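Following: one structure in structure tokens, then a few remarks.
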């Protein structure tokens, strides 16, 4: 029986395969896709991916059921956490202009198994995102016709009384996804043109909502008589923040589209910054308007903005908002269907998904098989599942992707840069220029004292330390770390940092409620895990990192990615246990 047990050498090779990283080709601009998207195209794609979902799906739901008018604070915190993650995506998108987004970023820096898990969760994220917005699109259109579509379906088709499933099959949501799938199949330029049209209408409607909403605002709706500004307290604000992350998925669309950008090194960081800034401002202002127009506890979660105008006696305004929101949600559907097949394509090309999805149509230059198959799967989800269950499921995949991308930034920044080594033949014989005079790396005959000083300076410059090596100032105190391979200590410190962050956030979230820890042990564990987190951060900072690259770099590394990691982990732990259970089942399927 022992012969059937795996040998240690086999297990070692297997573990090495799981943790191997992807090696990128020298010319990263070469692609089978069509590089046709400008900075404006990418910015509008990001705005379209964020604005529709955040304003027209989650604002009313979070305000009524989770945070009250303090949904404004939830959006501010979610926006800040997304900014930290967005900066990480911007650096990766500029340095690695390949499709695949968080999957690709994790593969080139952390390892294959982690990249697959992130890619598998990103697939779920986009499928659920598209299905959830399609159901919201259907609900808004139904509200325009006074819920006649819903009543007709329930009467002639029937209703379901099953957990996690919708009350009735939503044929309208499935149909719009199939139509959007057909348009996406025509190529990137057609998708971009459609997105421009719908985004322009959506931004016009948002401007109208803000102007009309502030005219109709009533400050008494935030008073204690209506429950106050934060009726659910700090816990409700943080729980609302975790759910509000769904609104900021849009900037991930930009990173996923970097292989079709004309100049990704400049376009991707700019597009992410512009789209996230505009979207965050819109979320905050619309949340203010919505909760001031009508009492938060009377909001209709399915169509909050349109219903608010209807109840204030402006039926025509409610109709206009509902029509505009449908256009906004069209852009979200387009961005989801645009990105998802490209991530599937990246995984299939690397051999981590079915090879059929790596085929690109020669004329339209898009992965048509992935577009059609996953468009049909989205339509099926929208047909039978409940919107609220889908949205809760979505946040955890987004937060996990943000966490791994932030960790990947630290690992990549402290790795040695790729150096082009000359061919052996070229090293073996002198170049023609070598007879004309001394080259930059050659020694010449020094005759003066000033020449000897220049030689000393040159020798000192050669002592420049590589990324991942211990800084010279810390060598006397941490000399035992000098023997490790450059970047090895940083990788271990990143793992320790993430473990410390998980433990610290677990104590903060569950320490006084589920674990019922006494005050002294609660405080002691907080101090211990905080020290572990800070010491890991200081150990990373004590090493040299890459500087002077031609592309965008996130400032304050490793502090900025570390803050993103701990905030994302905290928000993940605030999600319900059912969300974690569904997430675990999805991982097992993968």
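Positions of Cβ are set from backbone N, Cα and C atoms, glycine also.
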Transmembrane segment range according to TrEMBL, out of 366-385, 426-445, 446-465: 366-385
The annotated transmembrane segment range in TrEMBL, which must be one of 102-123, 124-145: 102-123
Top Cβ-contact partner of the transmembrane segment (102-123) among 229-251, 314-338, 391-412 (pairs under 8 Å): 391-412
Sequence-remote partners of the transmembrane segment (366-385) [C-beta within less than 8 Å, at least six residues beyond its ends]: 33, 123, 126-128, 130-132, 134-135, 138, 164-166, 169-171, 173-175, 177-178, 180-181, 184-185, 187-188, 336-337, 340-342, 344-345, 348, 356-360
Ranked first among 70-90, 171-190, 272-294, 314-338, 391-412 for CB pairs under 8 angstroms with the transmembrane segment (36-58): 314-338
Selection from 171-190, 197-217, 229-251, 272-294, 314-338, the stretch that has most Cβ pairs under 8 A to the transmembrane segment (391-412): 229-251
Positions whose Cβ lies under 8 angstroms from the transmembrane segment (197-217), at least six residues beyond its ends: 44, 47-48, 51-52, 55, 282, 285-286, 289-290, 292-293, 305, 309, 312, 314, 317, 320-321, 323-325, 327-328, 330-331, 334
Interface-richest range of 171-190, 272-294, 314-338 toward the transmembrane segment (229-251), CB pairs under 8 Å: 272-294
